[in-house]
Amino acid sequence: MNPHAKLISATSLLMGTTITISSNHWVMAWTGLEINTLAIIPLISKPHHPRAIEASIKYFLVQAAASTLILFSSMTNAWSTGQWDITQLNHPLASTLLTTAIAMKLGLVPFHFWLPEVLQGSSLTTALLLSTVMKFPPITILSMTSHSLNPTLLTTMAIASAALGGWMGLNQTQIRKILAFSSISHLGWMAIIIVYSPKLTLLAFYLYSLMTATVFLTLNTTKTLKLSTMMTSWTKTPMLNATLMAVLLSLAGLPPLTGFLSKWLIIQELTKQEMAPSAMTMAILSLLGLFFYLRLAYHSTITLPPNSTNFMKQWHTNKSTNTPTAILTSMSILLLPLSPAILTVT
């Protein structure tokens, strides 16, 4: 890709995200979301492959539909209340429409169908952007309007997302699709708590972004796209693959790793809000996700030759692991003991 085009896309992504998260007016927030969508489409379609073009068209259609719903929701609210302020979302229909639109933008169930297909059609770096940076503005809008949202609707969507994200990830062999269903499952955890504690949702999103970025950068270093190639990538960078196993278990939410912090706090907050059945359901559904994370961890490290794979072994690379990957890996594994400090900051 042309460096100038890449620079324009990166700058537009940064600008669109900044505009959305810093605006109080609906039209400005919508503008930021549109800039983001238009900036990421060239990055998705960059490989000039039919699957990439298909992914970019699917992404554009879904995001355009969601943006239209956001405009419709804000106009409905403005007609009934005379307010264009994001925090003054008082009309029930506008609130439901906004929840639907943000669910489409994020990929919450039942609007999740586009996410695995788009991630599968993108390169690993673009898939990383779609899983983390592109979800930040919609989650910010959701947290700003959290006091006006319907808790029952969000709880239903969240439990369905956790169930489907875990269930559909079980029989996948493409790693990007597995990570897409992982994203849907984690979004369920964020959505269920947003009405009661928006700060906790943002903390869960930050930790999820940290761990997902680590996984994608590691996979990008070893050039791994499928489980079958993951089985032989340990020969290329043994230490990186060993830490990848720990990061995947952290993403699954196992103590004493970083990923346990957000799930622990969300279950605690749900129990305080007298939602113990929902907390128990989410905890049980996370076991589905744990299964496919264990499967990934098994393929990344524990599978040693002799094995019955038809793929050529990938021998040691001279390229050393870059510093950002090393720092992100350490943070993805070791942040749990710092939880009191993290809670003080948030």
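Even glycines carry a Cβ here, placed using N, Cα and C.
Going by TrEMBL, these are the annotated features:
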- 23-288: domain 'NADH:quinone oxidoreductase/Mrp antiporter transmembrane' (DOMAIN)
- 290-343: domain 'NADH dehydrogenase subunit 2 C-terminal' (DOMAIN)
- 56-73: transmembrane segment (TRANSMEM)
- 93-115: transmembrane segment (TRANSMEM)
- 152-171: transmembrane segment (TRANSMEM)
- 178-197: transmembrane segment (TRANSMEM)
- 203-221: transmembrane segment (TRANSMEM)
- 242-267: transmembrane segment (TRANSMEM)
- 279-298: transmembrane segment (TRANSMEM)
Could you tell me the mean pLDDT over the domain 'NADH dehydrogenase subunit 2 C-terminal' (290-343), as a whole number?
75
Would you kindly list the residues that approach the transmembrane segment (279-298) from elsewhere in its chain, counting only those six or more residues past its ends and only Cβ-Cβ distances under 8 Å?
158-159, 162-163, 165-167, 169-170, 172, 175, 178, 181-182, 185, 188-189, 192, 227, 230, 244-245, 248-249, 251-254, 263, 266-267, 270-271
Can you tell me which parts of the same chain pack against the transmembrane segment (178-197), counting only residues 6+ beyond its ends and a CB-CB cutoff under 8 A?
106-109, 112, 115-116, 119-120, 127, 131, 135, 139, 142-143, 146-147, 149, 151, 154-155, 157-166, 168-169, 172, 204-205, 208, 212, 215-216, 251, 262-263, 266, 269-270, 273, 278, 282, 285-286, 288-289, 292-293, 296
Tertiary contacts of the transmembrane segment (152-171) (same chain, 6+ residues out, Cβ under 8 Å):
96, 99, 103, 108-110, 112, 116, 177-178, 181-192, 194-195, 275, 278, 281-282, 285-289, 291-292
